[in-house]
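Written below as C-alpha cells is the structure these notes are about.
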Amino acid sequence: MRAPVLAVLAVLLLGTVRAAMDECYEEGSPQRCMPEFVNAAFNATVVATNTCGTPPEEYCVQTGVTGVTKSCHICDSGQFHLQHGAEYLTDYNNQAEITWWQSQTMLAGIQYPSTINLTLHLGKAFDITYVRLKFHTSRPESFALYKRTHEDGPWIPYQYYSGSCEKTYQKFNRGFIRTGEDEQQALCTDEFSDISPLTGGNVAFSTLEGRPSAYNFDNSPVLQEWVTATDIRVTLNRLNTFGDEVFSDPKVLKSYYYAISDFAVGGRCKCNGHASECVRNEFEKIVCNCKHNTFGSDCEKCLPFYNDRPWRRSTADSPNECLPCNCNGRSQECYFDPELYRSTGHGGHCTGCADNTDGPNCERCRENYYRQDNNEPCHACQCNPVGSLSTQCDNYGRCSCKPGVMGEKCDRCQPGFHSLTEAGCRPCACNPAGSTDECNVETGRCSCKDNVEGFNCERCKPGFFHLDEANPRGCTPCFCYGHSSVCSSAEGYRVSSIVSTFESGVEGWTAQQRDGSEYSLSWVSDSSAVSVISESYFPIYFIAPAKFLGNQGASYGQNLTFSFRVERRDTRLSAEDLVLEGAGLRVSVPLIAQGNSYPSETTQRYIFRMHEATDYPWRPSVSPFEFQKMLQNLTAIKIRGSYSERSAGFLEEVSLVTAVAGAGPSAPWVEICSCPTGYIGQFCERCAPGYRRENPSQGPYSPCVLCTCNGHSDTCDPESGVCDCQHNTAGPHCERCSEGYYGDSTTGSASDCQPCPCPGGSSCAVVPRTKEVVCTNCPLGTTGKRCELCDDGYFGDPLGENGAPRPCRICECSNNIDPNAVGNCDRLTGECLKCIYNTGGFYCDRCRDGFYGNPLAQNPDLKCRACSCNPYGTVKGQSGCNQVTGQCECLPHVTERDCSACEPGFYNLLSGRGCERCDCHSLGSTSGQCDVRTGQCECHPGISGQQCQQCEPNHFGFGPEGCKPCDCDPEGSGSLQCKEDGRCECKSGFVGTRCDQCEENYFYNRSGPGCQECPACYRLVKDKVNEQRGKLQELEDLLKNLSTGEENITDQAFEERLREAEKAVNDLLLDAQSSKDVDQGMLDRLAEINTTLSFQLERLQNIRDMIRDTDKQAQEARDRVENTEFIIDSARVQLEKAKMAIANVSITPPESTGDPNNMTLLAEEARKLAERHMQEARDIEKAAKEANDTANEALRLLQKTLASENQTALDIEELNRKYAQAKDIARELEKQASKVHAEAEEAGNRALQIYANLTSVPSIDTTALQNEADKIQKEAEELDSLIDRKLRDYEDLREDMRGREMEVKNLLDKGKTEQQTADQLLARADAAKAQAEEAAKKGRETLQEANDILNKLRDFDKRVNDNKTAAEAALRKIPMIAQTIAEANNKTRQAESALGNANADARGAKSKAEEAEALANTVQKKAATARAEADNTFKEVTDLDGELQDMLQQLQEAENQLKKKQAEAESDEKMAEMASNATKDAESNANNSKKSVNGVLATIDELLSRLGQLDSVDVGQLTVLEKTLDDAKNQLRDSDLDRKLAELQESSNLQRVALDSYSRDIDQILRDIANLEDIKNTLPAGCYNTPIIEKP
C-alpha cells in the first residue's frame, strides 16, 4: 500500500524541483533562494536504544478516562503484524492503519532513571522549524529533545518537557526567553506532560517560538546556528502513570511503556540562501545544488575562481553571491586574500598568471621579464646569470652588469678582465668543517677529512651527511638500518639533553659489581650526588636508569658528560671505566681517554663522545654501523664508581646530548634517508607497500622483498607477508579461490576465480570428468545440484514453480515436533503436520482442546497438559479449560484450577449445582468453616445446631466462648433449663440463681418437702425489715441525690432534709426501744436470733471474702474491658489504615463513578460499630464501678448494723439480699463483658473480613508494612555499613593522598630545580645574545669605517667617476647582495630537486591511475590514494612555483644591486678588505637560512667565508669563485622550470580526469550494491499471513 503513495510523492517532489530550478535568479539577477519545506524525518533512519519484541513480550493498553480498563497484546519483533520497530516512527502516517514504535514495558525496568534514546540521522544540516511527536500511548512525564549541528558533534539540549522541570532537569518551568538572555538555551515546560489523552497526544516544538530575535532571524547568527541540526535525538526519561505502579502488579506494569506513532521534523535543507534544492551527490550524500557561484554541502564556500569578496549567507536584502576574481584575462585561478580585501575592497588574488605576468591581478611582469606596453606579453630578460648583477632588466631588455663585464646581456668580459665568474678570483675557499689544511697553492684544491669531498671540501661523500667541524671524520655515515647510503639532515629536530642532577634522590640510578650483582647505592643530599664504597679492589659501577637507555640513536656523535670525584686519590684505572652495552655489543673506554683527567678529591667534569673513531678509543673497535646499531638499542651505561679499596666514589650531574622533535636549536646530526625501492620511513625502517620482511625476526634490519601474491595483489602485510588478496582469491599468497568462487588462482589473471552459480554465494566444486559445477555447501534448508530444492524441515519455492519464487525457510513448529522425524511440515506451505506434546495449530503453537499450558515453553513438562476438570464443580457442557492458565469454568462458589474444591465457607460440591454457603454463626462457631460434605459447623462448647446458632439443652449465655451449663438445683428448680441470664425457675419458697436457697421467712426442712414458711410471728419481723429497707432506700436515694447533685439544693432544703433524716433516726431509735418492751417469748426469740446472729457473723466473714472475690472479679472485668478497648482500638487503627488505603486508591467501579464503593461503606460501618461497642464497654465499666460502690456501701452498712447491736436479723437478710444483688450484678457485668468482648471480636472479624475484601486493591497490611519497615531497617543497616566502609576508604584515600601530596611536593621541588636549570639556560642564551649583538655592533662599526675609506677611493676612469655615488651606495649593500646570491642559488637547487621529485611523483601517480583503471571493481581505495597523491603533488607544484617566484624576485634585486657596483671592479686593498668584512655578515645570515640542497649553498657559504679571511684580493681566486657562481646560475637557467611546470600541470590534469572517471564508476557500483541491498531488505522476513492464535 505504501509503494503507490511513495510513487505519488516522488512525482510531486520532481515537479517541485523542476519548478524551483530558477528560484535563485530573477531575470538573470541573483536572489535569495531556499529548498522547499519538507518533513526531513520522512523515511529517515531512527536508532532506538530500546524496542519491544525481543524476546516476545506482553503489553496492556489502557482505555477509559482513567485507564482502568486494560486489554493485553503481544509485541514480537519476529512477526510482522506484532512488531513495533523504530522504522515505524518515520514511515507514512496512515491514520487508517497506524504503525508505531514501542519500548519494553515498566515490567522490564523501563522507568526513570533509565532512559531511552531515539536518534534521527538527517544525513545533512537542516534549518529546523519544528519537531513533532505523536504518541500512541500517553505522553511521558519527562522527556527531552537534543540536536547536533554537525556529524560526530556534541549533543546540544533543544527542549525539555516535564511535569517536574526543576527536579528532573534542574530547569525552571517557563516557555519563553527574555530579551538579553542566551537565546541558544533550552527551555523546560510542563505543557505536554499530562497523562491524558491516553493515546494520540501530540507534542510540537517550534525552534523559534519564545525567542526575541526570531523576528530578525536574518541578522541573528545565534538563531541561525540554533535552528541548524544534522541529527535529532529524543530522550525519554520518565513515564506518566496513575500511581498504581507502586504496588508492582505485573498487569499494571505491563500497561506502562513508551509508544510513538509519528516522528516529524519540519524544515528546509540548509543551503544558506544559495540553493533552491538539495540533491544526492556521487556518494549518495545529500548536498545543496548550489547557485550564486558557491559550493559545499551547505553552499558554505565560494567556487575557486569566485573569491573577490568573502562568502556570506544570502539574505532577503542581499543575495551575497560570490564574485569572480579580476585577473585581466590572464588566469582562471585565485584565492581570497583578506589583507588585499581590507586595503582595496577586492580580495581576489590571482595565481598561475599567463604571459609571464604576476601580481594580485596579473597586472605586472614576473621577475626577470619585461614589456614595453601593458597589453603585450612579457618577454624574458635573458641576462647572463654569471656576468649580471641581477637577472632583471629594464623596460627595454637591458641588463645591469657586474664590474668588468659588458654587453647588453652582460655575457662577456671587459678588456683587462678574465675568467668570468660570480665574484672573480677569490681566496682559497676551503670549508673548515670539511678540510684539514689549506688548499694547494697551485691548484686551489683543499685537503679534506675522511668522509668529505669537493674542491673546497664543501660536501660529504656519498653515504655520509652533516658536515660538522667538530667531527674528526667531517661527516656522519648514513645509518638507515643498512638499507640506504643516501641521507641528509632531517628538519624539525632540536637539541635536547637527558639529565640526572640527583637533587631529590638517586633518580633511578643503581649500582652493580662487575659480575652484575646488585650493590648498595647512597644518595648524598648535601652535594646532590650518589656514591658507592667498594669493600675490595673489584670495581663498582653506577648503572644508568631507563631514560638513558633504549633508542639513543640521536646521541650518535654527541657527548656523554658527568661530574665525578673520589674520596681518596688512590686510583687504579682500567680499560673498562665507562661501558656501553646494546644490540649484542659491548664497548668500553678508560676514564682518562678523550682528554679527560685522572679522578681526584675535587669534582671534575668528564666528557665522552659517542663515536667509534680511533680518536675516541672505544674497545673493541667497531664499525660506524655497529656503533649506531648499539645506540639504537642501548641496554646499559656503566660508569665506574670505585677505584680503590674502601674509597668512595661520588657521581654528580650526568647529561647525554640527544635530539627530539620540536622547535628550538636545530640538531642537524639526525638523518633522513632517501630509501631505495621497497623501503619507506625516515630511516628506511619500514617496508613499502608491496614488500615484506625477508626475515621478520631481524626487525627493521631485515631486507624487504616483493610480496608473493600470484598476481592478485600489489600489497601484503609487511611483517607476515600475507597478501591483501583481490580478484576473489584467498590464502597467504592468494593461492586459492575465495569461498563462493572456483577456478585456478595461480594463473595470475583477474578472471582466475569465477563466482559459484549457487544461491547466497555458497561454495562449489568442478567435477573433473564432466566439468560440471556442483554446489557443495547449499544454504541451510536447500538441496540439489544448484540448491534448487527445499530440504526436509524447510518450506518454500526457490525456483517459483508454484508462483513467485520464495526462499526456503525453516518450518516454524514452535519446537513441538520430533526433530528426528521426517515430514514434520509441508515443504510448500510450511504447515506443521506432526505436532507433539499435545499441541496443534498451523505452527504447533497452541494446545489441543482439553489441554492447557505454554506450548512455546522449552521444557516439555511445562507444555500442554490435560485440563482434568472436576465434573461436579465444572459448568455442564464445558470439557475444556483456559489454554494458558488451565482454569476450568467453575460453578458458583467452586474454586481451584480444576474446580475440585469449595470456596472457604461453602460446602456440598457433589450437588452438581455449585457449593452452598455454610452460614455458620459468627459467635457460635469456632470458625467460618464447615464440613465440606454435611455442612456442619464447628461449634464452641455448649453450642449446638448445624450453624452453631443455639445453646445445648440446660445451657445458657450464648457467646464467643460457648454456652455455660445452667446447673439448676433439681430440688428447688421447676426445670433444669434456665433463662438466658442463667437464672433458674424456682419452686415456691426457693430463691437464688440456681434455686438452691430458701426465700426470706422460709427455712429448709431436711425432713420435709424443701423450704417451708416460718411461723406467722416472723411476718412481723419481715414487715419491719421491709419498712427499714424502705427507709434505707430513701436514705440511699438522698445520698445518691447529694452525690450526683442532680437537684439544686439550697441550704434551707438541705437542713429540712437533715431534720427529716434526724426524725427518721429518732423514730428508728424509738422503735428499737419499744422492742425492749416485748414479752419474754420475744426475748427468748431474740436469744435464738442472737444465736442465729453468731451464725450470720460467720457468714458475714464469708460475705467479706466473697466481696473481695467480687472486687477481684470486678477488676478482672475492668481488665477485660480495657482489653476489649485495646482490641477495639486496634480494630479502629486497622480500619483507619484500610480506609486510608481505600481513599488513596480511589477505585471507581465500572457501573458507578459517583458513589463511594462498598468497601468504604463497610469500613465506615465497622468503624461506627466499633465505636458503639467501645461506648458500651465504657458504660459497662461504669456499671461495674457502681456495683463495686454498692458492695462497699453494703459492707459499711453491715458493719454499722453490727456495731449498734440493735440491728435485727432482717438487716442481715437485707445485706444478704444486697450481696446477692451485687453478685448478680457482677455476674451480669461478666456476662456483658463477655458479650462486649464477643461483639468486639465480631467487629474485629468483620474488619478483617472487610480488609480481606480489599484484595482487588493493593495489599496494605501491617505485616507488609512491618516487612517493609524491616527491609528499610536492613537497608539502613547496610547503608550504615556502607558509610563505615566509605569512611574507611576515605581514611585510606586520605593516607594515599598524603603520599601523593609528598610526591607532588617532590615533583614541585624538582620542577623548581628544573626551572632554575631553565633560568640558567636562559641566562646563557641571554649572554650569547649579548655577544651576538656586540659582534653585530662591531660589524656595523667596521662597515662604517669601510664606508669612510670608500669615500676616499680614487676614480679609475670617466665611467667610474660618473657612477661613484651609485657604487658607494651599492657597496653598503654588499652583505645583502651576497646573501641574496646564496639564497638564490640555494632555492634554485631546491626548485630543481623538488621539481624533479614532483615530476617523478606525477609519473608514479599516473602509472598507478592507469593500473587502477584495469581494476575498476575494487578501485575505490586506490583511487582515493591516487587522488590524495595528486592533490599533494599539485600542492607541491603550487608551493614550488611560489618559492621559484620569490627566488627570481630575490635574484632580480641582487642583479639590480650588483649593477650599481660595475664601476668599482678595480678597488684597492682597503676596498677589498671592507668588502671582505661585509661578506662575513652575509655568510652568517646565509648559514641561518633553510637549506634543502647542501651542495650549492655550502659552496657559496664557504666561498664567502674564505673571502672574509683574506687580507687582500687575489684575482685568481676570484676567478674560481666566479666560475662556481656561474655554474649555479647555469643550473638555474637550464632547469627549464616553465616547461616542467607545464608538464606537471598537464599530468595532474590527466590524472584528475582519470580519477573523476574512476569515481563515477565507483559511484555506479556503490549504487548498484545499494539497490541490491534495498531489494534484499524489501524481501519478507517471515510469513505475513500468520493467523492470530489468541485474540487480545
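From the backbone N, Cα and C atoms, a Cβ is placed for every residue, glycine too.
Marked as signal peptide by Swiss-Prot: 1-19. Under the heading domain 'Laminin N-terminal', Swiss-Prot lists 29-268, citing sequence analysis as support. Annotation comment: Swiss-Prot describes 269-324 as domain 'Laminin EGF-like 1', evidence class sequence analysis. Summarising the annotation, Swiss-Prot assigns disulfide bond to Cys271-Cys288, Cys290-Cys299, Cys302-Cys322, Cys325-Cys334, Cys365-Cys378, Cys383-Cys399, Cys428-Cys439, Cys709-Cys723, Cys902-Cys915, Cys920-Cys937, Cys939-Cys948, Cys966-Cys978 (among others) and lists sequence analysis as the type of evidence. The feature domain 'Laminin IV type A' is assigned by Swiss-Prot to 504-672, with sequence analysis given as support.
Structure with Swiss-Prot features highlighted.
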residue : record         : Cβ neighbours (10 Å)
Cys271  : disulfide bond : 32
Cys290  : disulfide bond : 24
Cys299  : disulfide bond : 25
Cys302  : disulfide bond : 28
Cys322  : disulfide bond : 25
Cys378  : disulfide bond : 19
Cys428  : disulfide bond : 22
Cys439  : disulfide bond : 21
Cys709  : disulfide bond : 26
Cys920  : disulfide bond : 24
DSSP-assigned states of the domain 'Laminin EGF-like 1' (269-324) in counts, ordered helix, strand, coil: 0 helix, 12 strand, 44 coil
Which disulfide-bonded residues sit within 10 Å of Cys290 (disulfide bond) - Cα, from Cys271, Cys322, Cys723, Cys915, Cys920, Cys939: Cys271
Cα proximity to Cys915 (disulfide bond), best match among disulfide-bonded residues Cys271, Cys302, Cys322: Cys271
Cys288 (disulfide bond) to Cys378 (disulfide bond) - Cα separation in whole Å: 43
Disulfide-bonded residues: Cys383, Cys915 - member with fewest neighbouring CB atoms within 10 Å: Cys915
Those residues of the chain, 6+ apart, with a Cβ under 8 Å from that of Cys978 (disulfide bond): Asn954, Phe956, Cys966, Cys968, Cys984, Glu985
Those disulfide-bonded residues, out of Cys299, Cys334, Cys378, Cys383, that come within 10 angstroms of Cys271 (disulfide bond) at the Cα: Cys299
Residue pair Cys937 (disulfide bond), Cys948 (disulfide bond) - Cα distance, angstrom, rounded: 6
Whole-number Å value for how far Cys948 (disulfide bond) lies from Cys920 (disulfide bond) (Cα to Cα): 6
Spatially closest candidate among Cys334, Cys439, Cys948, the listed disulfide-bonded residues, to Cys709 (disulfide bond) (Cα to Cα): Cys334
Mean predicted confidence [pLDDT] for the domain 'Laminin EGF-like 1' (269-324): 93
Of the disulfide-bonded residues listed as Cys399, Cys428, Cys439, Cys902, Cys939, the one whose CA lies nearest the CA of Cys325 (disulfide bond): Cys399
Cys302 (disulfide bond) to Cys439 (disulfide bond) - Cα separation in whole Å: 62
Assigned element (helix, strand, coil) containing Cys937 (disulfide bond), judged by DSSP: strand
Other C-beta atoms that fall within 10 angstroms of the C-beta of Cys399 (disulfide bond): 25
Alpha-carbon spacing, Cys428 (disulfide bond) to Cys365 (disulfide bond), which is rounded to whole Å: 40
Alpha-carbon distance [Cys939 (disulfide bond); Cys439 (disulfide bond)] in Å: 141
DSSP-derived class (H/G/I helix, E/B strand, else coil) of Cys723 (disulfide bond): strand
Cα-Cα distance linking Cys383 (disulfide bond) and Cys322 (disulfide bond), given in Å to the nearest integer: 43
Cβ contacts of Cys939 (disulfide bond) (under 8 Å, same chain, 6 or more positions away): Gly924, Ser925, Thr926, Gly945, Cys948, Gly962
